[in-house]
Ligand code: HEM
C-alpha cells in the first residue's frame, strides 16, 4: 500500500469510528483536503503553540500574586489606559480620514476673503450633514488620546513598569508621546484660523530660537520664516501622511513588545 493510500485509509477509519456531525465531517474533509496540498495542520500547530506560549506569559494578577483578597481591584482601570490611548487613536484616525474628504490645505482665498482651508472647516461645521459631529469626534478623540497617553505614562512610572526588561518600551513610549504631541500641533494649524496662525507663529519663532540650526529648522518644518502656503501644506502632509504611518508602526511595535513580555507586576 502506498503511503498516500495508507493515509487515506487511516483518516477514513478514524472518521468512521466516531459519530461525526455533518458540520464536523465537512470541517475534517476540508481540513484534510487543504492539509494534503498546503500542510495546513503544521501551521495550525505553530499557531496553537504560539497561543499557549503567549498565555503562559500572562503574569498572575496582583491579587493572586500577593494574596491581596481583592483589595487592590480599584487600581486595575489604570492598566487600561494604554488600550484607551489606542482606542482614541483609532477613533481619531477614522474620523480624520473622513474629514479628509472635505478639507483642503489651501492657504489662499479670494482677496479679502477667508482662506480655502478655513472655509472648508466652516462648510464642515455648518453645511455638511453631521459634519460638526465628525469634527468634534476628531478633536475630542485627539484630546482624549493626549490625556490618556500622559496618564498611561504616569501609571507605568508609578508601578515601576519601566524597569528591566521594559526599558526599551519606555523609550518607545517617549517617542509615542512626542509623536502624539506633534500630531496635536500639526492638526491645530490645519483650520488656518487665528488660533492656528498664531500657534504657527510661535512655532516658527521657537524654531528660529534654536542656536546655529534655527533658520534651517524653520525652513525645514515651516517652509520659511513667515507663515505661507508652504507652512500649511507641510503641516497637512505631516498630519495626514507621515505621522499616521510612523505612529501606527511604532504603536504596533510597542504593543507587540507588551504582548511578548506580558504586563509587569508592580515592583
Ligand atoms: C500612543 C501612545 C501609547 C499607546 C497607544 C500605548 C499602548 C500601550 C498598551 C496597550 C500597553 C499595555 C498595558 C497598559 O495598557 O497599561 C502599554 C504598556 C506600556 N507602555 Fe505604552 N502606550 C503609549 C505610550 C506610552 C508612553 C508615553 C510610555 C512611557 C514613556 C509608555 C510605556 C509603556 C510601558 C513601559 C509599558 C509596559 C507596562 C507594563 O508592562 O505594565 N507607553 N502601552
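Any Cβ shown, glycine's included, is placed from N, Cα and C.
TrEMBL: automatically predicted annotations, no manual curation.
The domain 'Cytochrome b/b6 N-terminal region profile' feature in TrEMBL is assigned to 30-267.
Among residues of the same chain six or more beyond the transmembrane segment (78-103), those with a C-beta under 8 A of the stretch's C-beta atoms are 117, 120-121, 123-124, 128, 131, 134-135, 137-138, 141-142, 144-145, 148-149, 151-152, 155, 159, 183, 187, 190, 240, 244, 247-248, 251, 255, 258, 263. What TrEMBL records for 78-103 (among others) is transmembrane segment.
Residues or ranges marked as transmembrane segment by TrEMBL: 140-158 (among others).
Annotated transmembrane segment per TrEMBL: 170-190 (among others), in sequence order.
Summarising the annotation, TrEMBL assigns transmembrane segment to 202-225 (among others). Sequence-remote contacts of a segment are chain residues at least 6 beyond its ends whose Cβ falls under 8 Å from one of its Cβ atoms, and for the transmembrane segment (202-225) they are 185, 189, 231, 233-234.
What TrEMBL lists as transmembrane segment is 237-260 (among others).
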Distal contacts, the transmembrane segment (237-260) - CB-CB under 8 A, six or more residues away: 54, 57, 82, 86, 89, 93, 96, 100, 166, 168-169, 172-173, 175-176, 179-180, 182-183, 186-187, 190
Outside the transmembrane segment (140-158), six or more residues from its ends: residues with CB under 8 Å to it: 78-79, 81-82, 84-85, 88-89, 91-92, 95, 170, 173, 176-177, 180-181, 183-184, 187
